[in-house]
């Protein structure tokens, strides 16, 4: 067939009801890139790999067979623009706005406090909108499923789910008839658009869209190495993140023969399962079970089964199942020839290769029915249950002789155990002819170990865990089958407790309650203090109208700079050849250290900005490529060739490496109180132990971003996603060699910071400024996710050796701690971070004799930096592990031991500060009560006694958290309040809106102080030219410092208005106009510094903190002992917020902080290879919590009647302290593991390090399966990733 006779070369589609005609579309363009170039910036760039959902939009198309419009949520970052011919795109801007009307989906998430930083919000809105367009009355399960592909780092998800609960069948009625109509032209001309053969060419890449199978096979004959595109979920990532080049792409998404069941595969299988006898559909059930956990909704809507097969990933979810079933593939090639291929053990030939020829097209898949004597199961294990790549997965099928339990045929296929999907052929052969009875298990386990070996340095790591999963999965399959055989009377049923191995509990939908004090009825209605006011920018977030740095409309001639960074952990720079990059069209130039007119040493972290002759970690900045667009700059950066010399440069990555090489930044620091040697002589018991807490990445959704605009007199304006504009101002001024007053920094809002944008925002800020200085043009620098996670550091990992002395009753009196912190290749803020650990290491416990010796380890990983609760969660982790060691040793009641050691009112800490207004006991008792701890503990024990392979644990922890910056000079805040003639008020203060509701609270403070309505006050942005020398927005004290400054400024203005206010019959607007007419100043500054810090002579104490916050948290968890999967069943938090200024904001902060801590302790693992290469570079391999990870029941209570008279409106800080309460989940997991170990006859304390990922939980549950695969002790073997 001649496919060249009628080619359409114009692309036509609709965006938000407007027709788009592109005559020369570029096959490289993603929909996200296209939308943002058209200034539809509501859809956000976060990962460019379809792993976060922030770019979610809705695609609509007409289905003539059903005469209906179909709607799909998709990831715009992976959707090629060229694939949209004849389709309609709806973005967040297209469903509602503040200029027209809000859509109910937008309004609901905003007013339910489901938006904090707002960067994820448009994606959440569009996922929910797409659901409603398909199911106007969804269930909560539907809502949760549709949101599985959307990540949020701020909220903890609960308010998002609660907000959208209103649309469930028990909530409000959604009316789809009010939605914009599908473009009639697309419906009328549907046949024309669907039947047009498309060809688009740009540069060296061509896009074809055939419309029938004949055209496709002819194209494959002409271009055998072309890539077929359906959802672009594989090729899009390869092109964008791996810089792979494909010259010919063929879109097969409109070929009827290939996509007949693509959109309905799950529905089709479920219908078959419901309508055909169960014994025939066991194969379908196994596939459905695997599809359940296959990616998020956006990926499911676009991906196809054929793509899953032919990409031949060794971690494919479906290939092991299909191989175990012996599925048959129909392959078609040119000349109408076709052949059938069975997915047997010969199908996968090598890594990413199959027997399918380059010229062949996978036409159809035949999945056989099962027989009465045939059983099939599938299993998948990933780090995170939903939307995650498998660690190991399997498809298993057994066929028995008629009416017997004797194995006739056995098929065991595994993914994640070899470079391909592989069958355990030796095991299959060995077990045929045996009876399906208990003695089968050890034989099968031994055979599987032989069939599925893994070298200790195999890609993926966690070797022992993966090998254990192969046998654990078989054991699950064994029990699943024997349960069916016993029903048929063919064998004995195993004990009921054993059957817990194959239970799949339905935990239901998430629910929770929030408890706080309502304001007094006597409080003025206009006074917003204590009321749950919606976040100041929530509605802008929900409509996509909130502007972030990279959303700003480019100025004429604006350029982009993209960093070049080291790929070696420690090396000498031999040469940097940037000439190949300059040859790429659109590249303007290159910058390096020679282009720095000022200082190449950054002020705050005291590190080199651009490397000169040596690099000390992977991620060290070397230079930057400057181009006319971001995409060109990124592409050009890959063309820069860097030559290194690594001889005589040791690579020190871990704390253990640093100890071995004595690599420390400074001499150890000793902090002590009492006399540990004397104290130990009075102790009944002395224990020694070690603990280690791993690192964590910030994973703010908005990557590091900056924009520099050169001004007159060598000045520079910076727009930066920073937590500290003062840092940007000072650092950039020093870098470009001007005084600070010539540099202005403006920050309107930040899409999440969590400490990561306090200091290391300087990298992008200085690069943009240097390029702007050199080329005298506006320049922006916005990092891609996979580079952001290499160039920046994260939370410090800490290793501790401890000695603890205590009485027989459990009273701890001695702590001797050697504390090692992994600082990285520069000190950054490591010293204040380790000081936080030292100052707060006591947690809620009084210990008379303490000695802490701290070591700052110098390593070749990117310098670690501040992160939410920096040093503080590590302190609690250390102390609570020590407490647990004491409890386990004494075999005592954990409640009794903890209570015995609590601080009491007026006691001094180990750093000589008096605990005042101590509410530890109050919070503790309330948490015990609200959590129903004692009754639930009994139920946990009963559950554990009845279930062998599922265990539960419950734990409660206290919180005592000192609030203030450790560095005294930072405890200051400033504000400027301006009142205009119409009575409206504009506030500027030194804090930055990161999503934590700071601006909202500052407006509340101003309203309450001035006595005016909330809508009369506005905050535009944070800027160094209005409020200079601002303290970093960090350490949870920004409301305290800036709130008091705002209040002081307002009070100064009010004082000047006093003479005018006395006039009867006048109000605020009258006073303001009268003041103006009488030339009374209507603006003023406020400045506040926290008093009573440092040494206090009257008491002889040293106040590091201004006040303390208190709390308690109780969590219950259930684990699968065979896989390590866990579920947090319930969490109850009680937190002392003083008198909350805004309960909605504060509870949101508590929940978000808790889930961040949960991620650190239970889920997130930052992986670096033994050569220092960063492995975890995005959501595909670095897993932050998703909405399925939050507690099934999530209750939060604010402690009542606990005003804090020392702070603004009697409130207390809230951003970081609740994060520490996530320790309750970690300890509950450890209790569950202990129950599993006891079942195996292993008693007593055991070391268990974070994170409690599935592999760590599984391997700690010692049993016959784990014992088969002992940990490799060969020090000469370099693992795939190291334990930082």
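Even glycines carry a Cβ here, placed using N, Cα and C.
TrEMBL lists 9-95 with the feature domain '2Fe-2S ferredoxin-type'. According to TrEMBL, the feature [2Fe-2S] cluster 1 binding site maps to 47, 52, 55, 77. Taken from TrEMBL, the feature domain 'FAD-binding PCMH-type' applies to 200-372. Look at TrEMBL and you will find 723, 754, 868, 1035 tagged as Mo-molybdopterin binding site. Here TrEMBL flags 1216 as active site, proton acceptor.
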TODO: Can you figure out which of 723, 754, 868, 1035 (the binding-site residues) comes closest in space to residue 55 ([2Fe-2S] cluster 1 binding site), comparing Cα atoms?
DONE: 754
TODO: Could you list the residues of the same chain, at least six apart in sequence, whose Cβ is under 8 A from the Cβ of residue 52 ([2Fe-2S] cluster 1 binding site)?
DONE: 46, 120, 123, 150, 151, 701, 1179
Open item on the list: Just to verify a number: CA distance, residue 754 (Mo-molybdopterin binding site) to residue 1216 (active site, proton acceptor), in angstrom, no decimals.
Closed with: 9
Task: Number of other Cβ atoms within 10 Å of the Cβ of residue 55 ([2Fe-2S] cluster 1 binding site) across all protein chains - done: 29
- [ ] Would you work out the biggest C-alpha to C-alpha distance among 723, 754, 868, 1035, the residues that bind Mo-molybdopterin according to the record, and give it in angstrom as a whole number?
- [x] 12
TODO: Calculate the distance in Å between the alpha carbons (Cα) of residue 723 (Mo-molybdopterin binding site) and residue 47 ([2Fe-2S] cluster 1 binding site), and round it to a whole number.
DONE: 21
TODO: Write down the Cα-Cα distance for residue 868 (Mo-molybdopterin binding site) and residue 77 ([2Fe-2S] cluster 1 binding site), rounded and given in Å.
DONE: 29
Task: Pairwise Cα distance for residue 1216 (active site, proton acceptor)/residue 1035 (Mo-molybdopterin binding site) [Å, integer] - done: 7
TODO: State the Cα to Cα distance, in Å, between residue 47 ([2Fe-2S] cluster 1 binding site) and residue 1035 (Mo-molybdopterin binding site), rounded to an integer.
DONE: 28
- [ ] Pull the DSSP breakdown for the domain '2Fe-2S ferredoxin-type' (9-95) and write it out as helix, strand, coil residue counts.
- [x] 14 helix, 31 strand, 42 coil
TODO: Give, as a single whole number between 0 and 100, the mean pLDDT over the domain 'FAD-binding PCMH-type' (200-372).
DONE: 90
Task: Same chain, 6+ residues apart, C-beta under 8 Å of the C-beta of residue 1035 (Mo-molybdopterin binding site), given in sequence order - done: 963, 964, 965, 970, 1216
- [ ] Using Cβ-Cβ distances, find the residues under 8 Å from residue 868 (Mo-molybdopterin binding site) that belong to the same chain and are at least 6 apart in sequence, listing them in sequence order.
- [x] 754, 755, 1153, 1156, 1215, 1216, 1219
Task: Env. residues of Mo-molybdopterin site, Cβ within 8 Å of mean position of 723, 754, 868, 1035 Cβ - done: 753, 755, 756, 758, 866, 867, 870, 994, 1033, 1034, 1036, 1215, 1216
Open item on the list: Test of understanding: give the count of other CB atoms lying within 10 angstroms of the CB of residue 754 (Mo-molybdopterin binding site).
Closed with: 33
TODO: For the recorded [2Fe-2S] cluster 1 site formed by 47, 52, 55, 77, name the remaining residues of the chain with Cβ within 8 Å of the site's Cβ center, in chain order.
DONE: 32, 44, 45, 46, 48, 49, 50, 51, 53, 54, 75, 76, 78, 123, 1179
